[in-house]
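Engineer: Before anything else, here's the structure in question.
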Amino acid sequence: MSQTLAAVKGMNDLLPGEIEIWQHVEGLARELFGRFGYGEIRTPMVEDTALFVRSVGEETDIVGKEMYTFDDKGGRSLSLRPEGTAPAARAYIEHSILNQEPLTRWFYTGPMFRYERMKTGRYRQFYQVGAEAYGSKEPAQDVEVMDMVAQFLQALGLQDIALNLNSLGDEACRPAYHAKLVEYLKAHIEELCGDCHRRMETNPLRVLDCKNPKCQEVAGKGPNVLEFLCEPCKAHFDDVQRKLTALEIKYVVNPRMVRGLDYYTRTVFEFIASHPALGTASTVGGGGRYDKLVKSLGGPDVPAVGFACGLDRLVLLLKEGTRKFGASPDLFIAVADPGSQDTAFTLASKLRREGLRVDFDTRGGSLKSQMKRSDKSGARFTLVLGEQERTSGEAKLKRMADGSLIPVSLSGLAAAVREHSATEVAQRGNAT
Ligand SMILES: [Zn+2]
Ligand SMILES: [Zn+2]
């Protein structure tokens, strides 16, 4: 007996009924990011494993525990992308973009892969939108990116959004902070988990985002990164805050936030939303500046800043709401007798060519079952086609909202449907 095949755990099918919400969210991102001058890129879903080891960092949970890594038939170690910034940077370098333009703004959307423990709205194939701006070291660029995320979340109808902000310093001031942090962690070593013992040696910053509650408690009382910022880093951070205030974007400074990736320098940020559908406060997007990443991957010394938002949980929020997404048919063509089936089929094709959304049951069947289907489809109008309509060329459009009948000629059907749809919308507008 054959076993029923199912989708891989943590990976979902997205079907009509739900896909309309995805299209809405992605469409909104495209439109909004376009307003900011960001162009879309699409990179492969699979990259050299080394790309993520060298950028995201070997000691991060993402690379150390969660990547889907495999050898291809040529013996190369490849990984499904766990995030979008490293592939974008790889593409930026590979296509010598800096030689073509000094300031580059890109966005992307698509699936990412991490072998994570399953929670509400967290999947192993999950979707992100993100953006990267290369070539500007100015605080205005950091704030432009944050403004874009804030506008995106607002446009999706999220009300209670908190922006958490921090600075991780740069190569001038971070070593002193690192040293102090290691000294502090060593003094509390018996309270840290086994993973953190190792992290302390390899990458002490990673102790700050350990999920172990004991480690979090220790980290929470450790040295404050902001007290170690050098003058240029401090000036940068102050200007970021000034500009956020000028745009009336509310934020809180959170010196414990480090983000789970190695490549950040200076500004890091997270947008946190409170919503019953998400459980407690939950991060819906975040990012930061990564001025050294492009160079460390063998590219030019070019500053950059970016963000990514998880789409799965944003879609979950919209699903909870009452708003309807997606378009219903303009017209359903029902057939009164089998002899009219071919004419109806041809008519449906002609109207679709003229731009209407037309539903038509290719199986034919009883008029009653077709009318049922028309009701269910949410079509605005239904037209019943029988012998009389075929010979006279005249028919009646049934407005589904109130059952009223509108006389029309079959030759002018598209125009009639458009005209009566427009008056219906206008009337509905007057009524409200
Ligand atoms: Zn730990
Ligand atoms: Zn600094």
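For all residues, glycine too, the Cβ spot is worked out from N, Cα and C.
Nobody curates TrEMBL annotations by hand; they come from automatic prediction.
Here's the feature list from TrEMBL:
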type	residues	note
DOMAIN	1-329	domain 'Aminoacyl-transfer RNA synthetases class-II family profile'
BINDING	GLU83, GLY84, THR85, ARG114, GLN128, GLU132, ARG259, TYR263, TYR264	L-histidine binding site
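Locate each feature and note its surroundings.
Structural biologist: In the shown protein chains, 24 other C-beta atoms lie within 10 A of the C-beta of TYR264 (L-histidine binding site).
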Engineer: Which three-state DSSP class does THR85 (L-histidine binding site) fall into?
Structural biologist: helix
Engineer: Over all pairs within GLU83, GLY84, THR85, ARG114, GLN128, GLU132, ARG259, TYR263, TYR264, the annotated L-histidine binders, what is the largest Cα to Cα distance, rounded to whole Å?
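Structural biologist: So the maximum pairwise Cα distance among the L-histidine binders is 21 Å.
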Engineer: THR85, GLN128: which of these binding-site residues has the sparsest Cβ neighbourhood within 10 Å?
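Structural biologist: Minimum Cβ neighbour count within 10 Å, taken over the binding-site residues THR85, GLN128, occurs at GLN128.
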